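Taken verbatim from TrEMBL:
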REPEAT    A:12-50  repeat 'HEAT'
REPEAT    A:89-127  repeat 'HEAT'
REPEAT    A:166-204  repeat 'HEAT'
REPEAT    A:205-243  repeat 'HEAT'
REPEAT    A:244-282  repeat 'HEAT'
REPEAT    A:283-320  repeat 'HEAT'
REPEAT    A:326-364  repeat 'HEAT'
REPEAT    A:365-403  repeat 'HEAT'
REPEAT    A:404-442  repeat 'HEAT'
REPEAT    A:482-520  repeat 'HEAT'
REPEAT    A:521-559  repeat 'HEAT'
REPEAT    A:560-589  repeat 'HEAT'
Amino acid sequence: MAGAEGDDSLYPIAVLIDELRNEDVQLRLNSIKKLSTIALALGVERTRTELLPFLTDTIYDEDEVLLALAEQLGSFTVLVGGPEFVHNLLPPLESLATVEETVVRDKAVESLRKISQEHSPVDLEVHFVPLVKRLASGDWFTSRTSACGLFSVCYPRVSSSVKADIRQHFRTLCSDDTPMVRRAAASKLGEFAKVLELDYVKSDIIPLFTALASDEQDSVRLLAVEAGVSIATLLPQEDLEALVMATLRQAAEDKSWRVRYMVADKFSELQKAVGPEITKTDLVPAFQNLLKDCEAEVRAAAANKVKVFCENLPEDSRETIIMTHILPCVKELVSDTNQHVKSALASVIMSLSTILGKDNTVEHLLPLFLVQLKDECPEVRLNIISNLDCVNEVIGIRQLSQSLLPAIVELAEDAKWRVRLAIIEYMPLLAGQLGVEFFDEKLNSLCMAWLIDHVFAIREAATCNLMKLVEKFGAVWAQNTIVPKVLGMANDSNYLHRMTTLFCINALSEVCGQEITTKHMLPVVLKMSTDQVANVRFNVARSLQKIGPVLDSSALQAEVKPVLEKLATDQDMDVKYFALEAISVLALA
Amino acid sequence: MLSPVLCSDLAALEPEYTEADVISTVEFNQSGEFLATGDRGGRVVIFQREPQGEYNVYSTFQSHEPEFDYLKSLEIEEKINKIRWLPLHNPAHFLLATNDKTIKLWKVSERDKRAEGYNLRDEEGRLKDLSTVTTLQVPVLRPMDLLVEASPRRVFANAHAYHINSISVNSDCETYLSADDLRINLWHLNITDRSFNIVDLKPENMEDLSEVITVAEFHPHHCHLLAFSSSTGTTRLCDMRARALCDQHAKLFEEAVDPSRRSFFSEIVSSVSDVKFSHSGRYLLTRDYLTVKVWDINMENKPVETYQVHDYLRTKLCSLYESDCIFDKFECAWNGTDSVIMTGAYNNYFRMFDRASLRDVTLEASREVCKRRAVLQPRRVCVGKKRKETDVSVDSLDFRKKILHTAWHPEENIIAIAASNNLYIFQDRLTPNGHHNTPEIQSAPPKWQTQANPPTY
């Protein structure tokens with residue numbers, strides 16, 4: 001097809017091909033991303049015989065170019081002539097699967113997995129499986145690690161003799177000399193087990209799992225944990241104890257904290273995989289140990305799982321197990337020495353109340369919430385406050401409000417602005433939970449104080465907060481409580497505070513509606529157009545542009561237009577610019 | 001041991017050299033086929049062993065440039081403090097090089113093909129007449145002369161407040177550590193934007209500071225063990241399995257000092273300047289100012305072997321202190337079978353100790369004595385009156401000529417010695433090509449020999 005139509009159609013493609021090896025990486029990258037255009041122009045025949053051989057040897061390039069190439073080749077089947085010719089894509093992907101850069105290799109493997117589905121069963125055995133075997137017995141660990149991810153996609157679709165061969169290759173990789181390959185094998189073990197026949201899971205996978213789970217390298221053992229979870233889901237209940245539980249118990253007590261951390265991190269998956277009986281006999285004591293682990297990282301990971309673990313306990317014995325086994329550990333964690341552990345716990349502890357019901361919550365959990373609300377670490381307090389809704393549903397928030405208020409006030413005045421910012425974000429939630437009266441009485445003044453915070457991010461968040469509060473409590477409430485205070489700031493001597501008034505108006509005009517905006521806000525904005533600070537004046541122009549759509553046309557013509565026109569002749573360049581912008585956006589010219 | 005033959009003498013031929021040319025680190029790769037040096041000018045030079053056994057320059061590149069930290073108003077020197085090779089990945093070679101603040105991962109690779117055939121230009125780059133372009137041409141790769149390229153793959157920066165003194169790759173091949181005066185950080189080789197602090201000696205109040213970290217190294221086989229030494233003469237072994245933060249050591253190797261011998265210089269000379277795990281992983285070799293010690297990692301209270309490197313300096317500590325020489329950081333090295341130890345000294349001398357026979361030898365690496373194929377003569381330093389013509393008096397030692405950096409080939413009896421801007425590579429003459437006997441001290445005369453046709457640096 002190329003050439004026939006003459007130079008016009010040829011030229012752009014010729015440029016693309018030449019730029020495949022331009023010195024500028026960005027141009028090469030662009031060209032690679034349009035590889036399908038090049039292939040289309042060359043036609044399937046030349047793509048197979050010329051383009052792909054060239055790409056196979058182009059592994060010297062920058063990672064980003066190779067990554068793009070690996071991705072492109074995954075959807076190239078049509079361009080080489082359809083499934084019948086898909087094996088032509090294997091050589092370039094094979095060479096990409098051996099480069100040293102992990103992301104490129106992973107992408108090449110992903111594309112290989114994708115095109116494996118487009119191979120016919122015969123092609124799979126003739127072309128794809130030999131490639132997997134070549135990679136699996138390659139000299140360099142990079143090719144062997146890539147091979148690990150390819151076994152599971154070809155196994156289900158090949159004959160039983162090839163299957164045996166594949167299993168043998170996988171076994172070899174599991175005992176590779178280099179930890180990198182063993183890690184890759186361990187991370188793909190679960191996936192491979194899923195496509196194996198159950199008998200082979202028992203005879204092949206279990207010994208491999210046991211071996212990897214007692215590898216000398218911590219980094220291999222910790223990956224075996226995840227594989228163990230996948231394998232456990234595949235096995236019938238009666239085989240679990242004999243085949244995997246001993247190894248999993250050993251992992252939960254591993255000498256290396258990183259392995260125990262992994263167990264804690266995968267605990268809810270593990271719980272689902274082994275079922276309720278083993279959960280009761282084995283996982284409960286294991287979980288208790290993880291919650292009491294000597295390494296804070298492990299305790300924090302386990303603390304994060306408290307809620308999910310408790311939720312998934314078998315219903316008949318859930319409450320007893322929590323009250324007698326889990327809660328005592330949780331109580332200790334409340335006064336843990338490490339703040340990450342405490343804050344992990346604080347993010348889930350509130351949801352225990354839904355599981356335990358009103359009486360237990362009041363008697364056992366409430367004291368813990370109160371302790372955490374007084375914690376020295378702001379993150380712990382924030383996590384408690386951010387989850388108030390769980391408790392509200394069970395016991396109502398009144399029980400907590402006496403302790404809540406001092407905690408909120410303290411966070412609101414924290415020296416770190418990021419802490420103040422975080423509590424502001426919870427204000428609308430709190431307002432919803434506590435109701436308008438409590439809010440007006442206790443929290444309104446805090447919200448107003450944030451408007452004059454010395455950090456801009458806080459002032460900005462405070463204006464946004466006001467808008468959300470008005471959405472919750474309505475325009476009438478806004479008019480009575482916050483609008484007067486906000487407008488009052490327009491006369492402040494500090495120009496930053498005067499600007500805050502404008503920012504608040506920007507945020508509030510829409511939720512407050514036309515009447516309040518026209519009657520109360522607009523006069524203030526217009527009055528500020530004569531401010532002596534240029535920053536205030538151009539923000540007046542921006543505010544007018546923002547609130548314009550809320551106003552009716554008579555107000556726009558009669559009041560806004562003259563002011564903007566005057567600002568458009570201001571001596572300050574920025575004021576002029578924004579005034580003219582407002583005039584054109586509001587179509588007042 | 002040691003029949004040293006100079007097989008490559010990779011020095012600048014002119015005697016004049018600048019400060020930037022001074023070699024600051026020497027390291028063989030895992031197979032010994034490659035040797036890397038770093039210098040004060042931020043350059044890394046890689047040598048490859050030829051089939052005949054000589055090492056020739058393979059690649060030279062600028063790893064670090066001088067920088068300025070604007071926040072702290074500090075100059076950051078480009079000097080390469082340490083180089084560590086990564087285990088082989090693929091045909092390319094990877095190494096970590098660090099200056100005081102920034103660690104870089106370099107890839108050194110070969111390219112022997114070049115793409116040919118443009119659509120719109122000819123091979124000289126001139127635009128073709130567009131009317132002649134009637135078909136599309138896909139470039140073809142053609143063989144070309146071998147080109148060795150060094151490219152920076154990762155930059156690990158902004159993690160050290162103090163000067164980095166060590167880097168060490170973990171046996172898991174995916175993590176490495178970097179140590180500065182007060183902290184040790186753990187990195188993942190693929191992740192440059194964060195590292196984990198695993199040891200932190202920084203006291204709340206800097207006035208309480210009593211020691212600094214001098215060297216840190218991972219165990220060669222056990223991924224969870226690391227050793228670090230301090231300026232107080234102790235070496236600690238940490239187990240990363242026990243805790244995420246390894247401030248509490250698993251073992252502390254320290255020899256009790258005889259209080260009667262304690263002096264003003266005791267602590268300074270006991271500061272550990274280098275630590276090396278033996279290849280077996282069983283022993284730790286530590287170098288302090290006057291001695292090298294071998295510790296069994298199962299015995300903490302005293303070293304199993306102590307070798308005097310230059311005990312004759314004990315009476316000269318005062319003048320060495322005044323000239324700052326007492327703070328020189330000498331490195332030490334094991335041979336491939338852990339049976340011989342090597343370390344440097346002054347006057348361009350270096351020392352070797354055979355652990356089994358307890359023989360030792362002093363050799364000199366200098367331009368005057370190292371002739372190709374010539375055998376190195378042992379040196380003797382005497383205190384007081386000379387007993388032999390060839391003896392050298394302590395007072396005539398040149399303390400400006402020091403051998404701080406040495407490296408031993410991981411398997412064979414090949415050693416690399418850096419003496420200021422010169423790199424000397426010696427090999428055991430008795431060693432037949434490709435085969436090696438367990439080294440033992442030969443009866444006199446030792447036969448380290450020089451090699452013909454020195455390549456230029």
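Cβ coordinates come from backbone N, Cα and C, glycine included.
The structure displayed is predicted, hence computed values, not measured ones.
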Residue list, the repeat 'HEAT' (A:482-520) vs rest of chain: Cβ under 8 Å, 6 or more residues beyond ends.
444, 447-448, 451-452, 459-460, 463-464, 466-467, 469-471, 475, 527-528, 531, 533, 535-536, 539-540, 542-543, 546-547, 550-552, 555
Could you break down the residues of the repeat 'HEAT' (A:205-243) into DSSP helix, strand and coil, giving a count for each?
33 helix, 0 strand, 6 coil
Composition by DSSP (helix, strand, coil) of residues within the repeat 'HEAT' (A:89-127):
30 helix, 0 strand, 9 coil
Do any residues of this chain, six or more beyond the ends of the repeat 'HEAT' (A:560-589), have a C-beta under 8 angstroms from a C-beta of it, and if so which?
522, 526, 529, 534, 537-542, 544-545, 548, 551
Please work out the helix, strand and coil residue numbers for the repeat 'HEAT' (A:283-320) from the DSSP assignment.
30 helix, 0 strand, 8 coil
DSSP composition of the repeat 'HEAT' (A:244-282), residue counts helix/strand/coil, works out to 34 helix, 0 strand, 5 coil
With helix taken as DSSP H, G or I, strand as E or B and everything else coil, how many residues of the repeat 'HEAT' (A:560-589) land in each class?
21 helix, 0 strand, 9 coil
